[in-house]
Amino acid sequence: MYLITRTVYSVVIRQSKPVFVQRGLCRYRYLSGQENRLRPTDIRVSGIRSLHSVQSSVLQCSRLFIPVTRRFCVRLSYLCARNSVLLISKYSENLFSGVCWKHTNMPDAKPFVRLPKSVVPEHYELLLKPDLKTFLFEGKLKVKVQVKCATDKIVLNTLDLTYQKVEFIAENGGKHFPSDRVVSVEDETLTLLFPHPLACGKGELLFEYTGEINDKMKGFYRSKYVSPDGDERYAAVTQFEATDARRCFPCWDEPAIKATFDITMNVPESKVALSNMPVVSQDPVADNPGMKLVKFDTTPIMSTYLVAVVVGEYDYVEDHSSDGVVVRVYTPIGKKEQGRFALEVATKVLPYYKEYFQIAYPLPKMDLIAIADFSAGAMENWGLVTYRETCLLVDPENTSAERKQWIALVVGHELAHQWFGNLVTMEWWTHLWLNEGYASFVEFLCVAHLFPEYDIWTQFVCDTYSRALELDWLKNSHPIEVPVGHPSEIDEIFDDISYNKGASVIRMLHKYIGDEDFRKGMNLYLTRHQYKNTFTEDLWTALEEASNKPVGAVMSTWTKQTGYPVVKVSSQQEGSARKICLTQEKFCADNNAPSNGTLWMVPITISTSRSPGEVVQSTVLETHSAELILSDVSSEDWVKVNPGTVGFYRTQYPSEMLAQFVPAVKDKSLPPLDRLGLLDDLFALVQAGQAPTVEVLKLMEAYQDEDNFTVWSSINSCLVRLSLLLSYTDYEDSFKAYGRKLMSKICCRLGWDRRENESHLDTLLRSLVIGRLAWFEDENVINQAKQRFADHVSGKALLPADLRSPVYKAVLSVGDEDTYNTMLRLYREADLHEEKDRISRALGAIRDESVLKKILQFAISDEVRSQDSVFVIISVAMTRRGRELAWDFIKENWKMLWDRYEGGFLLSRLVKYPTENFSSEERAQEVEQFFKEHPSPGTERTVQQCIESIRLNAEWLARDQDSIRAFLTSASQ
C-alpha cells in the first residue's frame, strides 16, 4: 500500500479492481454491488469532448504529475474544463489502474451499499390512518414497480414498521408471496425473498403495516400543542429528510429513486389534513362515523424525502402570488394573523424566483405551516413547507427585528429549494451542498431584493462566510463534496460546510462569472435536469456553457478539497507603481500542520485607497505565487486584496501594509465589508499563531468610532472568542474593562430607545451593544436593564422585543433564585414560542451554581420541548463554571439524551457547544475518552472537531497569555 498522508486526498495502491473516476476529479472506488452510487455505465470526466483529441495530453499528464497528486488533479481539472463530456474507456483503466482517492480526515465509514436497481418504483399509492390517542398508525401501500431484470428478491428501506401483509402482483395478474422477509435494523432495509424469480416487466407490490407516531421529531411523529381552551393535544407531522420516509412507509428511500405519489389520509373530521398537493376529494368514511377520507392530487415525480403529511388543528391566511399560485400560511388556532408577514414574503418570493430562474413554480399551491415540535428550522417538502414556529410566526408587539429578518431568510431559503433540490435533486447525499449551499446563497439574493434596508449581503459575510471559514480550517473538517453512505453519516454533513461554505463559494463564483451569465447558467441547469438528479459537475457544465469560463477547473479545487488558502501579500514601491507579490498556502488552525503543497485556483481582486469601492485589478492565482503591477499607486496608498470579502480565503499583510489601513478604519474610508474582513482575517491569523493576540487588540481600538452593525458583529465575535479563552486566566476583569472602553462610544450614540425613522441596522446594533456591555459587567447598562425589567414585569412599560434578550441576560447575570423564578413565571405565561425561546436561552447567564443546576434539570423537564432543551443546556455552558456543570450534566445523562435524539444535528450541537471552548489538554483527553467509551454514531466528526478545538485553545492560551496580560495592564493605566 502506498499512502500519502495529510494531503487532501491520499493515493492508495490496490491490486483489486475496479477504479472509477467521478466527473471532474478522481474521487471514488466502488466495490462489487456498489456501482450504483454513481451512474452504472456513465462514469465521466467532466468536460472532455473526445478522448482521442486529448489522449496524449492525459497520458503525458499521468507521466508528469502522478507522483505529485495535487498537480495531477489540477492538470486533469484543466483538461476537463476546456472540453465537453465523454465516457471513460479502456484508456482510463490503464491511466488510473490501482489508484483510488480517499479523504484522510473522515471518521471510519460504516459498511454501506445502496439499494439494488433490479426493481424500482414508478408510483406509490399510500393510505395512512393515524390515531392521535394511541400514537399508532395503520398504513396501506400499493407500489407500481418495474422489474428490470429477473430476480427472486426485492430490497427496499424500512425502519420501525410492523408488516401484516406483503404481496407482489405480476403484470399478468399472478400473485407472489415472499417466502421470507428479512429486516436489517442496521442497514434499515427490508428484503423480500420469493421462492421463484419475478419476471421482467411491471408489477404491484402491496403492503399492510402499522407503525408508531413517534416522539423523535423524525419520520411520522407527534407534536404537542395546547388548544385555545387549554387542552393538551397532538398533531401528526412528518420530517423525512434525510432518510426517514422509511419510518412512515416502506420505500426506496434514496434521492435518485424518484416516483409519483397518490396520498390519502383517514382522519377525524375535525382535523385539517395536508400533503404536498391540493385536496381532490374529501368524503365521510361510511363505516366509521366522525372520520373522513382526504385524497390529494398526484404529485410530480419526486424523491421520497420530500413527501409530507400533516394532521392537526390549524388556522390559515391565504393570498395569491402575482403569477397565480395559491399561498397559505397555516398557524396554531387563533394565531393566523401571526402568519401575515410570512405570507407577504412568500407571495413575493415565488414570482422573484420565477423571474430569476425563468422557470415557473410547477405546483398549483404552496403551503407553509408552523409546527410546534420541529428539530430543524424548516423543511422544504414540495408544496408543504414545515417550519418551527419561531421561523414563521410574527407577532408585531413581541417579535424582534432580528427575528423578522431571520424569518424572511428562512422563507426565501425553503422556497428556493422548490427549484433547487425539489425540481432538480442531487443524485446522492455526497452532493447535498447542491441543495443547501445554493439555497443558502439564493436566500440572500431574494431578501436583498425584497428588503434592501437589511443590507443583507454585508451581514452574509459575518453570519455565513465567517462561520464557514472558522470550521473549515480544522484538520477534521471535510470537503464540500464528501462521500457518505450510512444514514448516521448523512446527518453529520448538514453543517456549516455544506450550507455556509457552499453558499460562500457560490457567491465567489457568482462574482467571478457575473450575474447575467450566472442566471443563464442556472436556467440551463434547471431546464436540462428538471425532474431528474444531478452531480455537482452538471452545474459546472451549465455555468461554463453560459459564461465561457473554466468554472469546473476553478470550482473543483474548492468543492473537492478540505480547507482554503491564506494569500500572503507583500509589496514593493517602483516609482509611481506598486509591485504586489502574492503567495498562497493552505491555512491551518494548527500553524504547525504542513500544507503539503495544496493549491487552489483563487480569484484575486484588488482595490486601493484611490478608489476604495472599485476593483482595480483582478486575476486568478493558479500557482503557488505570482506578481502583478499596480500603476498610479503611491507609497502612502493602502492596497486591499479581496475587496468586499468575496473570495473564500484569508489574507495576510506585513505589518507596514496593515498599518496603512488603520487611518482608513478610523475615518471609515475603507468600506464596511473591508473593515470587517481586515479584522476577521487578522483574528484568524492570531488564533493560528501566525500573529500575536496583542496585534488584534490594538487594531480593534481603531474601531471605537465604528457605526456599522455588521462590522460590530465581527468585532463582537472576536470579543466573545477572547472572553471565552480568557475566562481561564486571572485577568478576565481587565479584558472586560477593555471591552467596556471599546464599546462606550457606540453605546452613547445609540442610547436605549428607538429613534424616529431609525434604520433596521441600528435597531439590531443596539441589542448587540447592550448585550455585550452587560456581559462585560458595565454597571450603568446593568442598572438600566434592571430598572426596565422591573417596569416590564410590573406591566408599567413593556420592553421592546428587540431589547428583551439582552435585558434578560443582563438581569440574570447579577440575579439570584428569585430572578430565576421570575423568569420562569414569564416563560410559563408566554404564549408566543419566540418569547419562550428568548427566556430559556437567557437562563444560563445566571452565575449562581445551585440555580444553574436547576436550569439544567429544567432543560429536560416536560416544560421544555425536546427541540429547545439542547439550547437551554448550551446557554448554561457559556460561562466557565457553567461549562463544567453542563459537561458533567451531559455525561451523567448521556443515555437519556441519546435515546431522545438518536443522533442527528441537535445531538451534534449538544456535543459541540459545551465542549469546544475548554482550554486544556486534560479536558481534551477527558472528552476523547468519554466518546471512546460511549460511541455515538452521527456525532463522530463533531467530537473530533471539538477535541481539536480544545487543544488549539490550550496552545493559544499558552502562547499569548503573558503578552495579553501585559497589554491589558498597560491599557488600564
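Sequential numbering from 1, following the chain as shown.
Heads up, the Cβ atoms here are built off N, Cα and C, so glycines get one too.
If you average pLDDT over the domain 'Aminopeptidase N-like N-terminal' (120-306) in this model, you get 95. The domain 'Aminopeptidase N-like N-terminal' annotation in TrEMBL covers 120-306.
Sequence annotations record features per position, and here TrEMBL assigns domain 'Peptidase M1 membrane alanine aminopeptidase' to 341-558.
Contacts of His413 (Zn(2+) binding site) defined by a Cβ separation under 8 A and a same-chain sequence distance of 6+ are given as Ala378, Ala439, Ser440, Val442, Glu443, in order along the sequence. What TrEMBL records for His413, His417, Glu436 is Zn(2+) binding site.
Counting every protein chain shown, the Cβ of Glu414 (active site, proton acceptor) has 26 other Cβ atoms within 10 Å. Residues annotated as active site, proton acceptor in TrEMBL: Glu414.
The site 'Transition state stabilizer' annotation in TrEMBL covers Tyr499.
TrEMBL lists 638-951 with the feature domain 'ERAP1-like C-terminal'.
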(request) Could you state the whole-number distance in Å separating the C-alpha atoms of Glu414 (active site, proton acceptor) and Glu436 (Zn(2+) binding site)? (result) 10
(request) Sorry to bug you, but what's the C-alpha spacing from Tyr499 (site 'Transition state stabilizer') to His417 (Zn(2+) binding site), rounded to the closest Å? (result) 13
(request) Measuring Cα to Cα, tell me the gap between Tyr499 (site 'Transition state stabilizer') and Glu436 (Zn(2+) binding site) in whole angstrom. (result) 5
